Amino acid sequence: MGTIMEEQKKPTVNLSQHSSFMSSLKTQLKETFFPDDPFRHFAGLPPRRRAWFVLSYFAPILQWAPNYKPSFFAYDLLAGITITSLAIPQGISYAKLANIPPVIGLYSSFTPPLVYAVFGSSNNLAVGTAAAVSLLLSSSIRDTVSPENEPEKYLFTIFTAAFFSGVFQLALGIFRLGILVDFLSRSAITGYMAGAAMIIILQQLKGLLGLEHFTSKTDVVSVVEAVFQNRHEWKWQSAILGLGFIIFLLATRRLKEKIPKLFWVNAISPLLVIIMGGVLAFLVNGKDHGIPIVGELKKGLNPISLSQLQFKSPYLSAALQAGLVAGFTALAEGIAVGRSFGLLKNEQTDGNKEMIAFGLMNIVGSFTSCYVTTGPFSKSAVNYHAGCRTPMSNVIMAICMMLVLLFLAPLFKYTPLVALSAIIVVAMLGLIELHEIHHLFKVDKFDFCVCISAVLGVVFANIEVGLLLSVGLSIIRAMLHMARPTTCRLGNVPGTGLYLDMKNYPDSTTFPGFLILQLGSPIYFVNASYLRERITRWVEAEENCTKEKGQDLHYIIFDMGGVAAIDNTGIGMLFEVHRMLGKKMIQMAITNPRGQVVEKLMAAGFIDVVGKEWIFLSIEDAISGCNFALEEGKRNGKQEHV
């Protein structure tokens, strides 16, 4: 009698809870689109103050500007000037990479940083153009519009692509669809950036060798073929000058690694290369001596380009395709960079806010003669190491760039193309993370395959193929994990109340007549058949084992603590397993089911079929309950026999 009372006093699983459909839907939508619960602090505030907080949430400048300290300005001023010195050569170089006028690269470091300073959530991100995005835009659009034959139409299509990138990014941010960017895994980004860097480096052979003719394709075979087919155009002057610039830039990078305090030397080295190359080209009249130069750069601020956007065929389809891919790539790079540097300062970077900021700055940029911008790693790293405190550093950079555009732009006329190629080559070398690729090979071979597929796709096909390959493999891997969830047999670790995987803990003990299985992952239609077959194999193996010992299998206990969700197919699978076990005279018990799972099992009638008395809080409770039932069964059997 005492034993029965003890069994009744034990806590049991709550089988009475029930949530309405709308309540469940609201919870699921909230966890999907608002996992950070951004408005949790606004409850209970008066309407006016709540409105201010909502407004400041979407425009973070209203949060940091009122609290801006004078002591911050010195750091932001230094950071802003430093990243300007990098933005000038990068802007000219990456515009050349995109086959658009160099001054467009300078324009793109004036308007977008101002927009980002208002709407961006990262204190460390420095806005500007990116090499991979520049090459992607060029390779995507030039098949439809030739930059050589239709330079104006090509440029206007680039602006249109920036507009579509902004609309795409803004929509993702407004509708809280940052989850889509999560499909671009770290291994995919590593491989994609490495492959893009290799292609960009090969593309720079045109500038390093002073070639006039080159291929419009980006794959390695076409590039190498173009280099050797035009070897009669090779200019030794450009090659020697380019090699000297590369050695100088690599030396300053090495100096930064040896003496971190001298990071600013590495930061201004691209500008020094531009200045030295420009002076040299001017003195020796480089254009006539095998050293091609940039040419005229118009003085003045960004002209309005709203009326130049192309919304007619065939430009529309090319701009839309390029804009979506470039926008996705820019988001992935910018958010990853912002989060990386935010972690170093223990600061929070909101991915959805960043999407809104990127979207607005690219939409406004497309109206003001800018092309797609993001938060490139090199510039953001310089901003971080320069000691930036707030997005004010982007405002400082924009003001400095305004002064350059108003007064200094024509001075960059004599910039040698080989100097730009050298800057790009050295910048791209930093994106080939061999140590990270080696780390992936050691830790996870599938991640390594994802990474290498991105590299090979970019190098031997094009950037879009590499990106799609890596994302596709990442999605396939996620689907495989869902379709083949881990199921293991549990045993008791001696001297503890823990029940763990017997493969990892071979010394763990089992109980005669009991089979304890742990079900992981949500149980959905994609894995229900596999789980049924896997459970059947476990049961058959255990039956064979117990028969050899002259025993019977009486109970199978399912630990469902790791089952986050279940659908109708999964519930049907449990019914089938229960019928199969019933035919074998084996009782099913369930432990630690989650509330959402319990609700569905109750609604489907599964709990009534199994019996509420066979639902337990823990494996230990289940074993105690099963042993009690077994003893009761034996006692009743003896009484009937008597």
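Glycine is treated like the rest: Cβ placed from N, Cα and C.
Ranges compared are 55-74, 355-374, and TrEMBL records transmembrane segment for 355-374. Check TrEMBL against the ranges 113-134, 553-574, 597-618 and you find transmembrane segment recorded for 113-134. Mean pLDDT across the domain 'STAS' (504-626) comes to 91 in this model.
Counting Cβ pairs under 8 Å that are 6 or more residues apart, the transmembrane segment (154-175) and the transmembrane segment (446-476) reach fewer than 3 and are not in contact. At the 8 Å Cβ threshold, with sequence separation of at least 6, the transmembrane segment (234-251) lacks contact with the transmembrane segment (395-412), having fewer than 3 such pairs. Against the transmembrane segment (113-134), stretch 355-374 shows more Cβ pairs under 8 Å than any other of 355-374, 395-412, 418-434, 446-476. Of the ranges 263-284, 418-434, 446-476, the one with the most Cβ pairs under 8 Å to the transmembrane segment (395-412) is 263-284. For the transmembrane segment (418-434), the partner stretch with the highest count of Cβ pairs under 8 angstroms, out of 187-205, 263-284, 355-374, 446-476, is 187-205.
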